[in-house]
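S.K.: So TrEMBL says this about it:
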COMPBIAS  47-57  compositional bias 'Basic and acidic residues'
COMPBIAS  58-78  compositional bias 'Low complexity'
DOMAIN    1-34  domain 'DRBM'
DOMAIN    91-130  domain 'DRBM'
REGION    1-21  region 'Disordered'
REGION    39-95  region 'Disordered'
Amino acid sequence: MSVDVDGTTYEASGPSKKTEKLNIAVKVLQAMGYPTGFDADIECMSSDEKSDNEGKNETVSSNSSNNTGNSTTETSSTLEVRTQGPILTAGGKNPVMELNEKRRGLKYELISETGGSHDKRFVMEVEVDG
């Protein structure tokens with residue numbers, strides 16, 4: 001999934017649409033300066049989430065591109081995260097819920113779906129302040 005916020009593109013991937021939305025919401029909230037608690041190790045998780053995520057790794061990346069006149073600056077960073085529980089913000093909220101509280105009326109759109117039945121990847125898009 002990728003999202004464009006004020007000219008900066010943030011990308012995230014995960015094994016489900018829900019995880020995609022959570023990861024991208026965390027990235028946008030962090031960029032907006034809100035504490036997310038993303039690095040915190042959360043132990044509470046439903047048994048379905050445990051079986052779905054057990055042993056999987058997710059990649060969250062941020063690509064920023066700023067156009068000023070004729071110059072383009074591009075940076076990229078990748079963060080490997082071991083899935084061990086639900087992703088919550090510092091306030092203990094779901095990142096999608098918190099982002100929707102900060103910016104009302106956001107529409108998440110599924111762009112594409114790839115992979116086999118046991119290895120799905122989703123690309124979703126949401127426009128914030130655009």
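Just so it is clear, glycine is given a Cβ too, placed from its N, Cα and C backbone atoms.
Automatic, uncurated: that is what TrEMBL annotation is.
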S.K.: Using DSSP, tally how many residues of the domain 'DRBM' (1-34) sit in helix, strand and coil.
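M.R.: Counts, helix then strand then coil: 15 helix, 9 strand, 10 coil.
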S.K.: Check the domain 'DRBM' (1-34) for me and report the mean pLDDT.
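M.R.: Mean pLDDT across the domain 'DRBM' (1-34) comes out at 80.
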S.K.: Going by DSSP assignments with H, G and I as helix and E and B as strand, what are the residue counts for the domain 'DRBM' (91-130)?
M.R.: 8 helix, 14 strand, 18 coil
